[in-house]
Amino acid sequence: MSDEARQAASGQRQPMKETMFLTMDKQMMAQEIYKLAHLHGAFRMRNGGTSENYVDPYRFESDPRLMGAIGWEMSTFIPVGTEVLAGLELGGIPLVTVLSMETRLPAVFVRIEPRAYGTGRLAEGADVAGKKVCVIKDIVSTGKQVINSVNDLRAAGAIVTDAICVIEQDPAGRTNVEAEGVRFHALFTMDELATLGESGVPNIAE
């Protein structure tokens, strides 16, 4: 069975035949992300703990070459029938912008909390009422922000079916998100990223 046939059978959206972005295999992508974003030091984590290792998503999200490849790969997880892509503040915003350009699906930008001025809306951009929505995030640890945003989007009338991230930092996040009736997808777990990132694949810029 071809890759396209498998994707169709799984209900996942097929990526566009032609892409405006550079593509690369996942091993090379992991090495590029790891090289750019993996930091050593003392870091406070979202779950309250500390870690000597940290992946700074803004380092890979500010690289247009790498972001194009990440966006193309993430697009393969978007289920057939998705009508709106929802990027979560802050790291999900550049990702959802790239994905919207790649898939031609409208985007909505979801704040952590509404502002007291302007429109005062929590979700800025495309209308989500009655629409099938896929949530986009950079890194998921506990899943708390994803769950809060899913609930906010549902309160606005959205039908939230799936959440996609680049890195699954903690398997508890997947468990928590799926408990809310949302399918969870990640390009890499943290262990996968470290293993592939340290595998010595040559730098594509060389």
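In case you wondered, yes, glycine gets a Cβ from its N, Cα and C as well.
If you check TrEMBL, you get these features:
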- Arg46, Arg111, Lys137, Asp138, Ile139, Val140, Ser141, Thr142, Gly143, Lys144, Gln145: 5-phospho-alpha-D-ribose 1-diphosphate binding site (BINDING)
- Ser141: orotate binding site (BINDING)
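Secondary structure at Gly143 (5-phospho-alpha-D-ribose 1-diphosphate binding site), as computed by DSSP, is coil. Other Cβ atoms within 10 Å of the Cβ of Ile139 (5-phospho-alpha-D-ribose 1-diphosphate binding site), summed over all protein chains shown, number 21. The local packing around Gln145 (5-phospho-alpha-D-ribose 1-diphosphate binding site), expressed as other Cβ atoms within 10 Å of its Cβ over all shown chains, amounts to 20.
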